[in-house]
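Notes follow once the structure below has been shown.
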Ligand SMILES: [Zn+2]
Ligand SMILES: [Zn+2]
């Protein structure tokens, strides 16, 4: 399917078909993945290897180089654990246990095929390398005094701490919406964001399935925000917990909010699983991450969003019944 046809997906053809499932199985995954990530990750490793070699060969013995390596390894492992626990846990609970009980129905007619999930895992694992690289940028920014992190005391009893957690979430939400709109412009969509949109029926494994450039754009908001917003390390952990939860929820393939959730305008400010699932099917609507403000203010909610949520969460819904949407 061409970019143009993906961008203009109509309401009539947005639902997954059995043919689409067979096409996924036939599509090669590993070579396109290597072609996309190898130049970027190769460049990153070349840069790291050059600095390490110069440090060793010229006898600089710079502490910052060895610490940066440790930071990279620590951030990579922490993020890998975060991904495996959150995405793997959600997959185990919803796709392996609950779905088989028949108590829950997926948002789309069928669950994604195994090759789709393998592709999502490949890209997510490669994104963790970029996140670890941004971890090194945060370390260097902190060491040079450009980024404002503070320590000590019990932050949980401090009003500023809770303000900083909310502020970080609101800032990231705005950053995500506008960079996401930018990623949907013709060139950036074709070159970068299309990787994430290869999942028409996303699973929790798609939480970090980005092109390396998109992974960088998403992660760099932390050091950018920390230039002006003083943060305790716990602020970052709280924000990451909410971010990971919402990311997995948006790609879960099942709706968790109750049937009545969107009936009050006061609750419509928060996004649902259906919201981002529709973004993967319809492409050119529903751009928001945590909140629905930006989509409401700029008229980018899909016109069928509320009706689709009602259909998916209806008590007797069998899920994926396109005609009733
Ligand atoms: Zn997505
Ligand atoms: Zn998108």
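Even glycines carry a Cβ here, placed using N, Cα and C.
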Open item on the list: Between the candidate ranges 13-36, 37-60, where does TrEMBL place the transmembrane segment annotation?
Closed with: 37-60
Task: Result, the transmembrane segment (37-60) in contact with the transmembrane segment (80-100) (3+ CB pairs under 8 Å) - done: no
Task: Taken over the domain 'Fatty acid hydroxylase' (165-300), the model's mean pLDDT - done: 97
- [ ] Could you tell me what the rest of the chain brings near the transmembrane segment (121-140), counting residues at least six beyond its ends with Cβ under 8 Å?
- [x] 29-30, 33, 36-37, 40-41, 44, 64, 67-68, 71-76, 79-80, 83, 87, 147, 195-196, 205-212, 215-216, 219-220, 222-223, 226
